[in-house]
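Colleague: Annotations for this protein, taken from Swiss-Prot, read as follows:
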type	residues	note
COMPBIAS	409-428	compositional bias 'Low complexity'
REGION	63-86	region 'Disordered'
REGION	409-429	region 'Disordered'
TOPO_DOM	93-121	topological domain 'Stromal'
TOPO_DOM	143-178	topological domain 'Lumenal'
TOPO_DOM	200-268	topological domain 'Stromal'
TOPO_DOM	290-613	topological domain 'Lumenal'
TRANSIT	1-36	transit peptide
TRANSIT	37-92	transit peptide
TRANSMEM	122-142	transmembrane segment
TRANSMEM	179-199	transmembrane segment
TRANSMEM	269-289	transmembrane segment
Amino acid sequence: MQPYASVSGRCLSRPDALHVIPFGRPLQAIAGRRFVRCFAKGGQPGDKKKLNVTDKLRLGNTPPTLDVLKAPRPTDAPSAIDDAPSTSGLGLGGGVASPRTLVQSNAVQVAWRRLMKELSSLPRAIAIMALIAVLSGLGTFIPQNKSIEYYLVNYPDGAEKVLGFLTGDLILTLQLDHIYTADYFYLSMGLLAASLAACTYTRQWPAVKVAQRWRFLTQPKSLLKQGRTEVLPNARVSDLGAILLQRGYQVFVKDGSLYGFKGLAGKLGPIGVHAALLLCLFGTAWSGFGTLKGNVMCPEGQDFQVASFLQPSSPIASMPASASNVIHVNKFTIDYRPDGSVAQFYSDLSLLDPAQGGKEMMRKTISVNDPFRFNGVTMYQTDWSLSAVTLRVLGQDAPLARAAQAAEAQAAASTSGPTSSASSTSDALPQQRTAFNLPMASLEGKPGVAGRLWATFLPLAEPGQDGSAPKGISILARDPQSVVFYDAKGQFVGVRRPGSGKPIEVEGLALVVEDVTGATGLELKSDPGVPAVYAGFGGLMVTTLISYLSHSQVWALQQGSSLFVSGRTNRAKLAFDRELDDILNAVPELPPTAATTVASSASTAAPAPTAKQ
């Protein structure tokens with residue numbers, strides 16, 4: 001068997017160490033091994049002469065001499081080599097990997113590299129961030145999560161279009177009424193997360209791995225390529241290393257070569273920034289899919305269960321364990337400014353545990369911007385309302401008073417037995433028992449009503465059989481400070497303050513406003529993504545500062561009595577130049593006799609192996 005060429009000047013006659021690839025097929029890598037192309041006898045790699053035969057060899061981990069076999073011409077008959085069992089240890093099922101498999105594997109690798117390159121592109125990442133910023137701006141301009149009627153009324157079609165094109169139908173079609181939970185918003189965040197991950201994997205992390213290597217330079221010309229280079233006559237590399245250690249450098253010395261660096265955290269900073277941004281994106285997505293929200297208007301003195309008002313934003317949202325607790329509204333109060341407008345409103349709330357018989361677990365008075373947080377649920381003070389008005393009727397002869405007395409007498413007679421008389425019970429009724437608690441309803445948004453207004457009605461007679469409205473007193477209030485009375489004809493009668501004790505005569509009745517019961521408007525929210533978002537923003541601030549740290553490197557090479565020193569940095573280059581000047585000025589200059597000793601020792605020292613650059 002005659003070889004066509006030799007590799008490294010040696011040849012082998014081991015046909016089992018060779019995989020023959022059919023002529024004309026592209027050169028591929030099998031199982032990560034390297035291939036070498038050998039040419040026919042007399043040919044050189046630079047020759048332009050077209051070769052008829054191409055031999056491809058598989059090299060092992062050691063440099064043995066290899067036989068070069070002539071590749072057979074492709075034929076229609078199956079090759080005996082293809083059917084022969086493999087002895088190469090590749091573990092490919094007893095045969096050589098087919099060219100089709102190699103091409104498919106290479107195509108996947110090429111596609112993966114192209115995908116990573118596209119995702120890690122800085123212009124594309126900026127474009128995705130700009131898209132998210134535009135969508136967020138639209139979400140700020142267009143009110144979110146309102147009713148369909150709201151958008152149809154406030155963004156009408158026709159000549160009154162907002163901005164000339166924005167209509168309610170367009171907003172609903174493009175999901176602009178809930179941008180932050182729209183499909184395209186989540187898709188944009190997913191693309192940004194993929195771009196950050198690809199950039200970290202393909203660019204930032206390899207840069208950190210390179211920065212961690214000890215890179216010794218053994219030739220003066222290698223130092224010249226690193227940037228600024230200085231030559232110190234009569235100097236020792238050990239003295240330079242000691243000074244660098246004092247300056248906070250990590251120093252490594254080997255056979256007259258020195259490598260020192262500091263500020264490696266600056267290389268890790270961009271990775272931390274990307275990780276913090278990914279954490280923010282994850283928290284945002286988790287909030288979108290896992291949030292539970294709800295609103296409740298609870299009157300003073302009443303309670304409600306948290307789980308009854310929490311609505312999940314998606315099927316994967318889970319109810320927190322604290323949702324089974326009960327909230328009791330102890331007191332609701334409002335502070336007013338001197339002009340009578342509302343300054344602040346407060347709700348005194350108690351958290352009760354039904355599993356422990358309604359035991360009070362927590363209690364807090366909340367207000368606007370001071371929420372109530374408990375076990376993953378946050379309760380905000382967002383609104384208020386008027387729930388009821390309590391009136392007292394003066395005089396035992398008033399019809400309403402007599403009706404109330406009769407009802408009390410009937411209840412007392414049914415509980416005290418047959419010997420009790422209604423008259424005696426009626427005589428014992430105190431005057432303050434003839435009181436009425438009338439519920440109030442909001443008239444806000446009704447025709448002819450401006451602002452917030454609550455109303456109730458005190459009937460004085462049964463409704464007529466003809467369907468006519470019953471005779472009664474209309475009672476209105478805009479806030480808990482004052483109550484307005486109108487008679488049966490709709491004529492204004494007067495205004496009274498709750499708790500003043502001053503009666504007002506309406507339709508022959510003397511009425512006293514005892515109290516106006518308020519209702520607190522609370523927004524309930526359980527957002528599991530908030531901790532991740534806060535942690536991401538905190539990490540983003542810290543890692544952004546870290547990324548501004550300079551990564552500085554210094555190389556030195558002892559050549560006789562001369563010391564070659566080079567250095568570079570990625571930031572604050574002027575400051576690094578000044579620092580390097582101070583370091584070089586601090587290196588002591590040796591006397592001639594000591595310099596001669598250093599030169600002789602350097603000349604007898606073994607040459608240092610060249611490190612991988």
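Glycine is no exception: its Cβ is also placed from the backbone N, Cα and C atoms.
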Colleague: List, by number or range, the same-chain residues at least 6 past the transmembrane segment (122-142) whose CB is under 8 A from its CB atoms?
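Modeller: Residues packing against the transmembrane segment (122-142) from afar: 171, 176-177, 179-180, 184-185, 188-189, 191-192, 195-196, 199.
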Colleague: With a Cβ cut-off under 8 Å, give me the same-chain residues at least six positions beyond the ends of the topological domain 'Lumenal' (143-178) that come close to it.
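Modeller: Contacts of the topological domain 'Lumenal' (143-178) (Cβ under 8 Å, skipping residues fewer than 6 from its ends): 184.
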Colleague: Using DSSP, how many residues of the topological domain 'Lumenal' (143-178) fall into helix, strand and coil, respectively?
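Modeller: Computed counts for the topological domain 'Lumenal' (143-178) are 16 helix, 2 strand, 18 coil.
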Colleague: How many helix, strand and coil residues does the topological domain 'Stromal' (200-268) contain under DSSP?
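Modeller: So the topological domain 'Stromal' (200-268) is made up of 31 helix, 16 strand, 22 coil.
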